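Participant: I'd like to ask some things about the structure below.
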Amino acid sequence: MHSQLQLVLALVFAGLLARAAPSKPDMQKRSFIVKRVPVPVLQRRDGTEEMARTLNKYNLPLPRELREALEKRELKKRELAKRGEEDQVAHQRRDGMGGDQNIRLGLAANMPERRSQMAEHLRPRDDMGGDQAIRLGLAVAMNERRSLHPRQDQGEQTAAAGEEQQPAVAEEPQPAAAEEPQPAVSEEPQPAVAEEPQPAVAEEPQPAAAEEPQPAAEQQAGQQQDDQGKKSGVVEAKPESNDAEYLSPVKIGGQELTLDFDTGSSDLWVFNTQLKDQKPQQQGAQGQAAQQKVNQALDKHTLYDPQQSKTFKAVSGLQFKISYGDGSGALGNVGMDMVDVGGIQTMQAVQLPTKVTGSFLKDANNNGLMGLAFSKINTVKPEKQKTFFESAMPSLKEPVFTADLRRNATGSYEFGNIDKSKFQGDMKWTAVNTTQGFWQFPSPQFAVGDGQPQPTTAGAQAIADTGTTLILADSKIVEGYYSKVQGAKMSQEAGGFTVPCNEKIPDLMLAIGDNMARVAGDQINFSPISAGSSECFGGVQAAPGGAMGIYGDIFFKSNFVAFYGGKDNEGPMLGVAQHA
């Protein structure tokens, strides 16, 4: 009986406990969408810096407005840095002068109802060295802040890695590549007349044999016949930094790198393992710290290693040095290796920098340049080297390559063939003048929208340059175009012409020899001049007086362009057609 009573009581007690326990709420299943919002600062392209970069590439003088805009940016950057240092010092002083007492007072003031409890709680800590522990914690925190905000006297270290380098500002330190500058291009106002000319191509201008010459490459395109084992090959051209550049895969000695194909230069140079062996410019701890930063930047690149290549051959006695107007550059030695672009292979001179400046180090996705102009402006000494295209031409089905660059989309470069599916209408051809080493042509007129053609400055010339982002054109073109754009103005802040970002602006027609090519207006509306600005930098800007025009990627994004190297009695030509 007693045991039964105990059992009943146990069951009753268990029931009471179950009732008292909180019930498990029903699980509510939900779905949600995370909206990806673009960050303007990360997506914005900087037209001011792109314009300066283009002018520096060709050692052309910066216009006064652009120079002043860059100087103002530099001053603002320094003021912000100085303000940050002052705030840091103020925090250090405040934390160092009675920080422990401030912490206690703040706790007591914010929690009056628990003042006695907190005082009681803190007292034993004070007896056990609590103040010292708080000071140590503050010291650790301040040390972390110092590491995030280097002092001004550490500027030389950061400059070695190229941080915060602004083009054409006199106060900037000069990189190693700029010692005894020997620019790869001419110091004349016109772009890049090479020193000690030893052309690998015809020196005389190549006149057109007919009004609209049709090279064999286009006539035979699509036939894919290969009687003598000759080939064609395609590689993708992937836009980076919102179309600021296009990168393509290249294999050198079996090692794949992403390179910028540049029809405005003639050097094939790549980031390589020799760069990690360079000696610091400065002695002692500062030099070691600077080199460490360079090595950290190099770790973000894919480095070509000659020792890992079975086909690499060292070449003694050859060196190169590339110097640009902003002091950036590269210098080093030269080797030979098998270069493969889309299956087109050739033994080719590869320039191996032993020193590069910080502006090159910043772009981690770009592992070098493949120049596709003419070897007359190659910078290797004492003997200039052929470009990849010149070396590969004998093995190509036709001596041609094409650039199919797209807006915010992957395009392509093709060697040995012209793919007619990638353009509409007829391709218009013009002879190019190779005497200065470029794909150069006359550009005698322009038109705005469907308006009547207007003349440019007498004798105006231009070059086709895939390695440049913007279009730099004859001043008559620029002034005539923006005079037809509502709200366009010369901006002191941006250092160039700007347009309202929400304004629909007209197309621009540019003469390529005797033919007109269209540049879409929405391509010319380039990018906001600052984060959140309603004012956009114009993608067409004026070239310095006397200089040739430079038709860059904004031109290519509206047009399919063929670069014909010539054969037999045909000289080099440039073909242009509208994108399909």
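Cβ coordinates come from backbone N, Cα and C, glycine included.
As listed in TrEMBL for this protein:
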type: ACT_SITE; residues: Asp262; note: active site
type: ACT_SITE; residues: Asp465; note: active site
type: COMPBIAS; residues: 78-97; note: compositional bias 'Basic and acidic residues'
type: COMPBIAS; residues: 159-225; note: compositional bias 'Low complexity'
type: DOMAIN; residues: 246-577; note: domain 'Peptidase A1'
type: REGION; residues: 78-102; note: region 'Disordered'
type: REGION; residues: 147-249; note: region 'Disordered'
type: SIGNAL; residues: 1-20; note: signal peptide
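Any idea what these are sitting next to in the structure?
Facilitator: Of all Cβ atoms in the protein chains displayed, 21 besides its own lie within 10 Å of the Cβ of Asp262 (active site).
In three-state terms derived from DSSP, Asp465 (active site) belongs to neither a helical nor a strand segment and is classed as coil. Long-range Cβ proximity for Asp465 (active site), meaning a same-chain Cβ under 8 A and a gap of 6 or more residues, is found for Asp262, Thr263, Gly264, Phe438, Trp439, Ile550, Tyr551, Gly552.
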Participant: Take the domain 'Peptidase A1' (246-577) and average the pLDDT across it for me.
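Facilitator: When the pLDDT values over the domain 'Peptidase A1' (246-577) are averaged, the result is 95.
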Participant: Provide the three-state secondary structure of Asp262 (active site) computed with DSSP.
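Facilitator: DSSP assigns Asp262 (active site) to strand.
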